[in-house]
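Structure first, commentary second.
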Amino acid sequence: MNSSSEIVIIGGGIIGLAIAVDLKLRGATVTVISQDFQQAASHAAAGMLAPHAEELPPGAMLDLCLKSRWLYPEWVRKLQDLSALEVGYIPCGILAPVFDIPKSQGDATWLDKEGINHYQPGLGSEVVGGWWYPEDGQVDNRQLMKALHQAAQRLGVNVLEGVTVEAIAQKQGKVSSILTSRGEIEGQTYVLASGSWVNQLLPLPVRPVKGQMLSLRMPREPHQPLPLQRVLYGPGTYLVPRQDGRLIIGATVEEVNWTSGNTPNGIKTLLDRAIRLYPALENWPIEEFWWGFRPGTPDELPILGRGFCDNLVLATGHYRNGILLAPVTASLIADLILQQKTDPLLSHFRYDRFFSKPLSTPMNTNGTQPLQFASVNGSSSIPQLPEPSTEDHLIIAGRKFRSRLMTGTGKYPSIEAMQKSVIASECEIVTVAVRRVQTKAPGHEGLAEAIDWGKIWMLPNTAGCKTAEDAIRVARLGREMAKLLGQEDNNFIKLEVIPDPKYLLPDPIGTLQAAEQLVKEGFAVLPYINADPLLAKRLEEVGCATVMPLGSPIGSGQGIKNEANIAIIIEQSKIPVVVDAGIGTPSEAALAMEMGADALLVNSAIALSKNPPAMAKAMGMAAQAGRLAYLAGRMPLKSYASASSPLTGTVV
Ligand code: FAD
Ligand code: GLY
């Protein structure tokens, strides 16, 4: 499938579909690509329209939610007309019972025990009163999703169900196309609305926050109203009565990454709280259990507006209020795309609030301080120092570096020790594990921001990837991460495909496959490999920028165990050879450089030493010394002693 559409929306949850319908109604040609309708949080949600019950503090988020709640009646009327489906919108008000009298009572309407029982008879005996939020309400989000889908199709939106976007291709600062499980799709503008999954495509700090839910069937007596008429938003749980007799009970809030499924503990917790709130439900039949992933951001606000590229728009991270926020999101995003109108509210939800400003300092790889040498007099009998003082640059993918030492960021006792070590080593390239930085793995929090990327060239790496596919995906994220941190033209990737957790040895086949693909996608690929000369040659042939043979297993500090093979790689290679992994001491670093390696990558030996900055400096000096020694050419090896002072001309 190779197709094109004016606007391509990635994600068919409530946000993607709502934007699609709005754009289509304004005359655009729209395609929605949806991996899996059932997995959407929009399907799992409770459907509360509850800016007040959710206790949002005054500010831009509350304003956005209130605006959306205000848009709701007209928005659902339009959708019902377009789809001929009911969506169960009920501006029923929300009661928020509490078990302890609150200290401050704010502006909301407080109901005492008697008052709240008047609104909702049958509340638990521990309820002491509660808040009444008359303007909050609910919608049946599953019905709403059906209606949106139907409306989109009836309007002529091209909805591609069961299709996954695998990558966003970019050229010269613009998205050029998207690569999907069914081929390439081109558009003029792209909207990224893939909920919790967004950071599989771009390095945005959106994480899945799991919520477990269940539903009961309320008893329906002839000619009697249902026992619950309004949403009850209690401590740690809420009860949402639907008009069809279902009672939705939610929801847990769990930071368990992508762990799916309902758990006995999750469901028990919900039921205990629900029964405390409204005891009669303990005997009602259970109908269904389910769960979903809220797209959570660090500040719990959505990400809305223009993205990394001119023609990319972001609409994600709606966390607990995406059902509520659908109408306003659709309207603001459609205004932005079709009328280039940026509502002032959007300024609070820009993606770049999460990233420190790119540094203005230009990359400092040319004309920087040369290595310092002891001065020599101009005597012509003394050979000139070899070139490294001014000319001997390491050149990778056309980019010049003065230092031949690359360092890493892992395993340091502290971020400060890492920062000092990077400076002391005088390295110009630092590798960072895309996955660990993104997931903020222990020791990697704030790491990307801790380095002055105006001075240091980032080498994103695919550490943690076990397969070629995984590594390709993470490489793409790495490119975006470098961009975000101000290195627009950084296409470097250190490719690691390591299926074996014990010895951490790279998979040669997976590495070659991933390298081929990444080279095709325009990456400068620096593959980490075993010291295998044939593989090194193949990687060179497919267009890699360097090869990075290991000296010995990663983090082992065993030094250069594969000397003979590394020597062959160096001899036959036309691209830089970077000895990576295993170096434990500066003498081993110097040895690799004396052998003719073009550069080194050293991490553990620095980070795990007793004084990382001092060891970093020593490694930097060793790389220089080894390089200079290599250029100077070592003396010939002899089998017999040869006196240091010549004997000729001496008086006997
Ligand atoms: P989703 O609904 O998750 O949709 C994203 C879609 O993108 C999915 O269908 C997915 O398959 C697709 N996708 C992902 N990656 C790709 C890809 N690479 N290619 C193609 N497609 C892709 N909000 C409220 O306002 N009120 C509530 O009462 C409420 N209750 C909630 C209760 C629970 C338990 C949960 C989990 C959420 C609740 N929310 C509620 C929050 C709300 O559901 C979300 O904020 C909202 O649904 C997010 O919508 P979305 O379209 O951004 O993401
Ligand atoms: N807004 C309800 C929830 O996210 O659980």
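Note that Cβ sites are derived from N, Cα and C of the backbone, with glycine treated the same way.
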Matching residue for the 1-deoxy-D-xylulose 5-phosphate site, where TrEMBL names A581, G582, N603, S604 - out of G555, G626, G633:
G555
Can you tell which of N603, S604 has the least company, meaning the fewest other C-beta atoms within 10 angstroms of its C-beta, among these binding-site residues?
S604
Give me the sequence-ordered set of same-chain residues, not including G555, A581, G582, N603, S604, with a C-beta within 8 angstroms of the centroid of the 1-deoxy-D-xylulose 5-phosphate site's C-beta atoms.
P553, I554, S556, G557, D580, I583, V602, A605
Cα-Cα distance, maximum over G555, A581, G582, N603, S604, record's 1-deoxy-D-xylulose 5-phosphate binders, Å:
9
Confidence summary (mean pLDDT) of the domain 'FAD dependent oxidoreductase' (7-336):
95
How would DSSP class G555 (1-deoxy-D-xylulose 5-phosphate binding site) in three states?
coil
Let me check the 10 A CB neighbour count of A581 (1-deoxy-D-xylulose 5-phosphate binding site). How many other CB atoms are there?
27
